[in-house]
Amino acid sequence: MKHQIIVAGKPSLKYAKDGVAEYKKRLTRYGSYDLKHVKDGSSIDVSKRLLDGSQNAIRVVMDERGEQLTTQQLFNKINQWEMRGEKRATYLIGASDGHTQDLRDRADLVWALSPLTLQHELALVVLLEQLYRIATMQRGEPYHR
Ligand SMILES: C[S@@+](CC[C@H](N)C(=O)[O-])C[C@H]1O[C@@H](n2cnc3c(N)ncnc32)[C@H](O)[C@@H]1O
C-alpha cells in the first residue's frame, strides 16, 4: 500500500524540516511514502484541497479531536487495510484553523496523536516517526520496543 501525507502550507521551521528529512530518508527503504504540500488558506479551502487529494484512498484525518491509538493499534489498522487490498492511504494535516467537520465526517479514521494541539509541522514529524516505526514492525526489525 502507498502512503501519502498531504499537508497544508510549506514547511518553515528548521527543526521540523530536519525531522521530516530524517524520517523521509529512513522510509525510502520501506516502500512508497510521499509527502505533498497543498496551498494554505481558510479551513474551508484547505479541507476542500485535502478532500480532493484523498479521493479513492483511505482517508486518515489528523485531528486532536480524534481517536487516540497505540502504535500497535495503528499497526493493526494498516495491516487490515493492506490485507483487504487498499492501494493508498492518505494522512491529512490541516492549517492553523484545523479541518472542517465535513472533512472529519468523510474520514475512514480521525486520528489524534495526542489531546494536545500541536503545531502542524510538529504533528507531521510525529506522524512520520510513527509510520517509520510501523514500517520497521512490519519487517520484524527491533526499532519498536
Ligand atoms: C495548529 S493545528 C489546528 C488547530 C485548530 N485550532 C483545530 O481546532 O484543529 C494544525 C493541524 O495540525 C494537526 N494536529 C495538531 N494537533 C494534532 C494532534 N494532537 N493530533 C493529530 N493532528 C494534530 C491537525 O492536522 C491540525 O489540523
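Quick reminder: no glycine exception, Cβ is built from N, Cα and C everywhere.
Heads up, TrEMBL stuff is auto-annotated, nobody curated it.
As recorded in TrEMBL:
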BINDING   Gly94, Leu113, Ser114, Pro115, Leu116, Thr117, Leu118  S-adenosyl-L-methionine binding site
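The binding residues for S-adenosyl-L-methionine are recorded as Gly94, Leu113, Ser114, Pro115, Leu116, Thr117, Leu118; their greatest pairwise CA distance is 16 Å. For Leu116 (S-adenosyl-L-methionine binding site), the count of additional Cβ atoms within 10 Å of its Cβ stands at 9 [all protein chains shown]. Non-local contacts of Leu113 (S-adenosyl-L-methionine binding site) by the CB criterion (under 8 A, 6+ apart in sequence, same chain) comprise Met62, Glu64, Gln68, Ala123, Val126, Leu127, Gln130. Here the binding-site residues are Gly94, Pro115, and the one ringed by the most other CB atoms within 10 angstroms is Gly94. The secondary structure of Leu116 (S-adenosyl-L-methionine binding site), as reduced to three states from DSSP, is coil rather than helix or strand. Spatially close to Leu118 (S-adenosyl-L-methionine binding site) yet at least six residues away along the chain are Glu64, Val126, judged by Cβ distances under 8 angstroms. Sequence-distant contacts of Thr117 (S-adenosyl-L-methionine binding site), defined as residues of its own chain at least six apart whose C-beta falls under 8 angstroms from its C-beta, comprise Glu64. Taken residue by residue with DSSP, Gly94 (S-adenosyl-L-methionine binding site) is part of neither helix nor strand, so it is coil. All protein chains included, Ser114 (S-adenosyl-L-methionine binding site) registers 10 other Cβ atoms within 10 Å of its own Cβ.
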